Structure formats: structure tokens, C-alpha cells
Amino acid sequence: MVTSMGNTGFTTDYNYKCRPPNVQNEMVPAGTYTVINNPNLVHTGFSACGDHTGGGNMMVLNGAPSFQNVWCQTITITPNTWYNVSRMVASVSPSSPAHLRFSINGIQIGNVVNATPIPCQWIPFNANWNSGVNTTATICILNLNTASGGNDFAIDDISIVALWAVQDQVSITLYQETAPEPEIDGPTFLCAGETGIYTVDFPPDPPILSYHWNIPSGATLINGQGTTQVTIRWDVPQIEDLCLMIETRCDMNEGCLEVTVGDVPDPPLISGPGSLCPGEIASLYTPEIDPDDVYNWMIPSGVSIISGSGTNEIEIQGSISGEVEICLEVTNECGTTENCTFLTLLADHASNFDTVLCLGTAIIINGHAYGNGVRQGLNISQE
């Protein structure tokens, strides 16, 4: 560090001021500098700053409008090499901070860096430079602030370092692969509320890096996301796709499995007549929801199934009178439901009249037959 070596090894446009004993204002004129460990010792308006690294010297300057070259030094360099030049700067008074920039061989490089208005606050500034064909470099720090008031600052830790390229060898493996389509194995028909386990299996190459299962609405993932096996509870009846997206080093692919979720049948709605005459045949039926449903009619004694047993529509005939209950069970893969209806079986009509008649006696027989709600009359007379 040049500043730690004292007032030697560099040039400047500023005028050097040594510090005589018992004098504190030798740097009152603008355009002066000194190398010291405390700026306040040479100017009562300067703050008592320590150098950047602590305990050493710094170059303290009272800025001037006409002096740009703050510090310059010529060194020997290596051609075609990148260098980094750097230094630290701090204001020693708050007014009009310095604007500093590097130049090498008369060409300005890097950005302009402004010292902060807070005294004694050190900030870095640096720039990179390629030497090209040059074997020497004159490195300068310029102050671009031309204010005569304020513009007081200190610099420290000036350095130039060659940047050497570090080379290493790496091995790169190029993969050309296609992600396989997932083939999901698991139950494709379940009843609402049941749980299914679904798995996939892949060959070892290419390696699978991630698994993402897409769970349809109406289903709940119990466990296994991100793995080759998941457990899913199917909550509502539906027909949906369960899908898996996989990712390899170079590709992605998706496979799906259609899952049908069933439910127990709705209670059957039985339709038919409310009453039945002796010997009459009536039809009872319920709408067919699923052709795979199984129908079981429960008929009391005194009623016979004429046709349709095991289907959603039967024909029956009664041989008794009174009210009877007829029930129907409907069964599918998910369970059984039942519903019942009542049917009135009407009694046969019996005639009650004298069977022995005297000659010349007259009788009238009125017979009434009820079938399908139509009354029919029969009159017999004898004199």
C-alpha cells in the first residue's frame, strides 16, 4: 500500500504539506495533501478519521478545482493480461464530496465513484483493465469534482492485481432419452367411500426424477404423492381419469387410468294398480336404471308371479282377498336397496237367493261384475 509507505513512490498535482509541531492548520489552502494517520491533526475542519485498515497512514487531500491527478504511479505489467485496480475513499468533511475515477495511460476506466457526505465512511471503488500490448502502466486516481469549497477526502489501500484465468476440466454426459408412458395398475371400479391402491413400475433406465399424481375432484389422496404408489379414497360416484406425470433427465410423459365409482341403487319406485279383482292379471314395474341391476320381487302367499320374475316388471294374479304388501329389492355391485307398495285384492261376489220356487212365482237376479272399474249388469226373470 503506497500510502502506508509515506510520501514516496507516486506523483500528484497537489502540493505536499508536512506537519510541523504544534500546528493544526497547515492544510488550510486548497490543493494540498499530506500522508498522516489522523486528518484532524492537519486541519481543524477535518474529522478525526482512522485509516481503512486501522493504525496506518492515509493520503489526505484538500480538493482544488484545477488539480485532477490525485495520485499516479507507473509500474511494469504483463501484456495481454487482465488487471483489477482498487482503492478506498472517505470524506473528511461533509461538504461537496469528491468524484473519483481511475485512468490508465491517460484513458479513464471504470465508473465515477462519489465519496459519501458522511465523514470517515470508507467505500471501495475498482475497475478492470486489459493490458493489451502494453508493458508499463501509469495508473492515476482523478478527482472530477471542481468545487473549491469542501471536496476534502482521504484515500487508502491502493492496489493493482493481475487476474489469472483458472482452468479445469469437467466431464459432461449428454442424454438422449424418451420418458416412458406410465401404465397405472389398480382397481377401475369401486363404490363410493372405498379406497384403492394404484401403482406404476418402470425399467431402471432412464431414471425417473419425479412423480406427480393428478387426483380428480371427488377423490382424496391418502398417501404416496411423489412416489410410485398412491392410496386414494373415492368419495362420490363419478367416472374420472387418475393421471400420473413423470419427469426424466430430458423428457416428461403422462399416463391415465379411467376409474368408475358407483353407488348403491336408489330405492325403487313401484308403479301399478292399487287393487286387483279375483282372476285378474296386473302389471307392476319400476324404471330400469342399470341393465346390470338385479331385481328380487317379494310376493306374499296368495299372490302369484305370472311372468317377469327377476326383471324390473312383473305380472301378478291374486287368489285371496284383502290388502297385501309387495316389495322389491334392487342389487348392484355396491349394495341393495328396497321399497314396498300395498295392493288390495278384491273378494269374489256371491249371490244369495231362493233356490226353490213355486209355480207362478217370479224372481229377479241382478248380477254385477267389476273389472277394470266397469260395472256390468245381468237380469234374470221367471213367471
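Note: Cβ is positioned from N, Cα and C throughout, glycine not excepted.
Bear in mind that the values here come from a model prediction, so they are computed numbers and not experimental data.
So that you can see what the record holds, here are the features copied from TrEMBL:
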DOMAIN    182-235  domain 'PKD-like'
DOMAIN    267-339  domain 'PKD-like'
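Each residue in the domain 'PKD-like' (267-339) gets a DSSP state, and the totals come to 0 helix, 40 strand, 33 coil. For the domain 'PKD-like' (182-235), the model's average pLDDT works out to 96. Secondary structure of the domain 'PKD-like' (182-235) per DSSP (helix as H, G, I; strand as E, B; remaining residues coil): 0 helix, 25 strand, 29 coil.
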